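Peer 1: In case it helps, TrEMBL gives these features for our protein:
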- 6-24: transmembrane segment (TRANSMEM)
- 45-63: transmembrane segment (TRANSMEM)
- 75-95: transmembrane segment (TRANSMEM)
- 107-126: transmembrane segment (TRANSMEM)
- 146-164: transmembrane segment (TRANSMEM)
């Protein structure tokens, strides 16, 4: 086994271990419950992500890729499209307060989990930079070579959205304005 295989195996086992811890903790506390408004927002988020993903796949399939296949592996492009759809869904739900269930608290452990995911992929990406033969295949960026960079970008953007929402929530007063005209 070479060093990149060992790094990948270590990263995979660490991610599997962390996922197991999260699942164990979730099972102990019960699942998230969402109110009707959150369910509706999540439904619109799924719809938006589905539409964006399909439009991007259609654009790629119709050949508007402008020769990207000569630079980047098609599987990496399709993976990027799916991750963009995931970011659309996550962003829509996060910024409309539908990401967390009403019985869940926004915990620091979630932020730490995303930071750990980023830190796990950085050594893999650095190894790809140090050994460019692992990055390229047939003169273009391979899926194995580009996936760590793509995932780091995904994790950083997702974490950034969560942190931005946390900052917005801290600056916004907790009491909601009276929207029904004061009639009770």
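Using N, Cα and C of the backbone, Cβ positions are placed for all residues, glycine too.
Relative to the rest of the structure, where do these features sit?
Peer 2: Within the same chain, residues 113, 116-117, 120-121, 123-124, 127 sit at least 6 positions outside the transmembrane segment (6-24) and bring their C-beta atoms closer than 8 Å to a C-beta of that stretch.
Proximity of distant same-chain residues to the transmembrane segment (107-126), defined by a Cβ-Cβ separation under 8 Å and at least 6 residues beyond the stretch ends, is recorded for 4, 7-8, 11, 14-15, 18, 22, 148-149, 151-152, 155-156, 158-159, 162-163, 166.
Listed by sequence, the residues of this chain that lie at least six past the ends of the transmembrane segment (146-164) yet keep a Cβ under 8 A from its Cβ atoms are 72-73, 76, 79-80, 83, 86-87, 90-91, 94-95, 110-111, 114-115, 117-118, 121-122, 124-125, 128, 135.
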